[in-house]
Structures are given as structure tokens and as C-alpha cells.
Amino acid sequence: MKLSIIIIATSLVIAVVAFPSKDSKAIENDKTEQRMEIVVQETARACSKQIGDKCKRNCECCRKTVVCGTIYVGGKEVNQCMDKTSDNAILNGLGKGMNFIENTFSFCV
């Protein structure tokens, strides 16, 4: 009796693992579409905005460590060019390094 319960339980576990649900496929397709949209949105443009100006993309912001970041003013989302990431000097330096890497892979002209 115990052997049959173990065999049935093992079979159910194998079935669950072997046959993924349709929902996981849908989520994977959504991720692929999102990646494709990001690539299309990040088109090459010359920089035209300075720190504090409103922006839509990283390529619009001038300087190597400046990115188009999001802040919230009065509960509204505002995108603007910024390079400061923290009041802590060490964390700010690391943040600027990350901004530099992000801009390197933006392929801006």
C-alpha cells in the first residue's frame, strides 16, 4: 500500500515538472516583447539636455555619467537628466560608474 502511494506521488511530481503551464509560456513571451520594445525605444540621438532638464531617453542627456532618471514631485513621476545617485560619496561614485556603463550600452551618437 505504501509503495503504491509513493509511486503515485512520484508520478504526479514528474508530471507537474515535465509539463509547464500555459501561463509560464505567456509570461516568457511578454518578457520577450518587453525586451524588443526597449531596443526599439533606445534609438541613437545626439545629446541635447543638461542636468535637471526633462528627458525621455538616456541619449538625450549630455555627459558620460548623466542618465535620464525618474523622480517623484508631488506624487507625479518626472523624468529628468541626473548624475547624482546618493548623498554618500562612495555610493554616489559607484552610481556614477553604473551610469557610465548604462550609457556605454545605449549606443548614443
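Every residue gets a Cβ built from N, Cα and C, even glycine.
The signal peptide annotation in Swiss-Prot covers 1-18 and rests on sequence analysis. Annotation comment: Swiss-Prot describes Cys47-Cys62, Cys55-Cys68, Cys59-Cys108, Cys61-Cys81 as disulfide bond.
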Cα of Cys59 (disulfide bond) to Cα of Cys81 (disulfide bond): how many Å, rounded? 10
Would you list, in sequence order, the disulfide-bonded residues among Cys47, Cys61, Cys81 whose CA lies within 10 Å of the CA of Cys68 (disulfide bond)? Cys61, Cys81
Could you list the residues of the same chain, at least six apart in sequence, whose Cβ is under 8 A from the Cβ of Cys81 (disulfide bond)? Lys49, Gln50, Ile51, Gly52, Asp53, Cys55, Glu60, Cys61, Cys62, Val66, Val67, Cys68, Gly69
Mind telling me which of the disulfide-bonded residues Cys47, Cys55, Cys62 has the densest Cβ neighbourhood, counting other Cβ atoms within 10 Å? Cys55
Let me know the DSSP-derived helix, strand or coil state of Cys59 (disulfide bond), please. helix
